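Noted in TrEMBL for the protein shown:
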type: DOMAIN; residues: 51-511; note: domain 'Amino acid permease/ SLC12A'
type: TRANSMEM; residues: 54-76; note: transmembrane segment
type: TRANSMEM; residues: 82-100; note: transmembrane segment
type: TRANSMEM; residues: 134-155; note: transmembrane segment
type: TRANSMEM; residues: 161-183; note: transmembrane segment
type: TRANSMEM; residues: 195-213; note: transmembrane segment
type: TRANSMEM; residues: 233-254; note: transmembrane segment
type: TRANSMEM; residues: 284-305; note: transmembrane segment
type: TRANSMEM; residues: 325-349; note: transmembrane segment
type: TRANSMEM; residues: 381-399; note: transmembrane segment
type: TRANSMEM; residues: 411-434; note: transmembrane segment
type: TRANSMEM; residues: 455-474; note: transmembrane segment
type: TRANSMEM; residues: 486-502; note: transmembrane segment
Amino acid sequence: MSKYGDGSFAEKQGGGEALHVASSNNLGQVIDGTISLDANHQLQRGLKSRHIQFLALGGAIGTGLFVGSGGILATVGPAPLWLAYLSMMLLVWIVMNCIAEMCTYLPLRGITLPYFTERFVDASLGFAAGWNYWYAYAILVAAEATAGAILLNYWDTPVPTWAWITIILVVNLVLNIIAVEVFGEAEFWFASIKFLTIMGLIIVGLVIMLGGGPSHQRLGFHYWNDPGAFKEYLAPGATGRFAAYWTAFIRAGFSFITSPELIGLAAGETVAPRRNIPKAARRFLGRLTIFYGISSLIVGCIVPSDNKNLLSGASDASASPWVIGIQIAGISGLNHVINAAILTSAWSAGNAFLYSGSRILYSLAQSGQAPAIFTRTTRRGVPYTAVLMTWAFSLLAYLNVSNNGAQVFTWFSNLSTISGYIGWIVLLITFLRFRQALRVQGLLATLPFKTPGQPYAAWFALVMLIILTLTNGFPVFVNWNYKDFLAAYITLPAFLALYFGHKMWYRTPFHKPAHEIDVLTGKKEMDDMCANDVDPVPKNWLEKIWFWIA
């Protein structure tokens, strides 16, 4: 890196000279050749606190919890299901904290998380991470559309599956193409329905467990005894029970994949980012505890793991364990209401993933790592070409027409889970390099938001995620199936091919010394912008409650 007389920095990156401008006098400048500080050349800051909090909530509560948990329960039993979600919650909380620290420090408009990877680690790793994320989000849109079709089949309507998939995808496209405020508002209400649904389900589940259902049978932990808390997996005894837990741990990742990143991706379009991003991050663990810790425990108590309607290769219709539990309890009518509410969760998650994938593609195009056509935006700041391309990739959901819906859902969940794990590994590496650069350059004290246990927590999560990634397909080595093997591992060589291909083409260095990592460019502008932010003052107790919630 060389310093010029005008206070700017130039660094060779991605095969070309990228200008890092450190001066704060000209807000029209461009940093890293991609990110403009000019308000007239950026995406719109239209997302409020309630928008980004419910955006993360919407991504965290999806069909992985409402539908996918049934598949885990059927495979390994209730105890591994609950323990797996508790274990995954810890890793997700750490990943969320790492993202929040970086995005609160530099909440630049137009940035995405792979931009931080390119800036703090390596251009080749940022390139591979960007395309990996785009692929994951596009697959997730398809997965949510497939789950929606499964849920709609519960009513055995005469409408063909392809028509339901079309309706789901078209609604997601419309909500994403109009304006970011429309997307944010739609996601807020979608996530609100999810919030009310999961809270209602927890209450209903507790009532059923305590004998408040029509049969007045006090279930408690009955199903943990019969058919049992653990279903030994692949082997008998303690080995089988551990394999059951580890399988559940791996598969639980699908419920959380890319949900922490949603806040990071929205940071550049968020009002008062240094107030609202930490607020959302702090509350993330508490919400995960309620939504996943408690609900995964209840699911295993109201539905026996040997129920034939749980998600499997032989069952589509009653895939949600919540609906099955309500049916078993004999509560008439409520199963239809719950299934409809769960359907909105598929719509909401697909909506959020389409938003995120399009912003990743937009950022890749800005940095010259994707065709320039994807930088085009509407007058309202929506990158419509990137939205259309991401949406087009999600048309893979139509595989559901010629295959078993549960099988297609499993393929998509496996593909997106491994891709998400790779994304988290890259994020943790990026965070550790970011932290080291701040420490070496004596800037660690300038972090506006610090989270507990760092950087040790990040190291712990990194090691765990590497192990999960390498072992995610271990059952195929016991019962060989080439389709499952490809779904489990095809993303790894694809990611490595992107990384090494970019590195050989541009001959980028493998290591960037911590003292040369640019952690200053754009910081002054963000400090000035956030200095004008004023905390809202509630006028009455109702506003005080609302400000605390949103």
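In case you wondered, yes, glycine gets a Cβ from its N, Cα and C as well.
Here the transmembrane segment (325-349) has Cβ contacts under 8 Å with residues 58-59, 61-63, 65-67, 140, 144-145, 147-148, 151-152, 154-155, 168, 171-172, 187, 190-191, 193-194, 196-197, 200-201, 204-205, 208, 213-215, 299, 302-303, 307, 318 of the same chain, all six or more residues outside its ends. Per-residue pLDDT, averaged across the domain 'Amino acid permease/ SLC12A' (51-511), gives 82.
Counting Cβ pairs closer than 8 Å to the transmembrane segment (82-100), the top stretch among 233-254, 284-305, 455-474, 486-502 is 284-305. If you look at the transmembrane segment (455-474), the same-chain residues 6 or more away from its ends with a CB under 8 A from one of its CBs are 91, 94-95, 97-98, 246, 249-250, 253, 414, 417-418, 421-422, 424-425, 428-429, 431-432, 435-436, 484-485, 487-489, 492.
Looking at 233-254, 284-305, 411-434, the range that has the most CB pairs within less than 8 A of the transmembrane segment (486-502) turns out to be 411-434.
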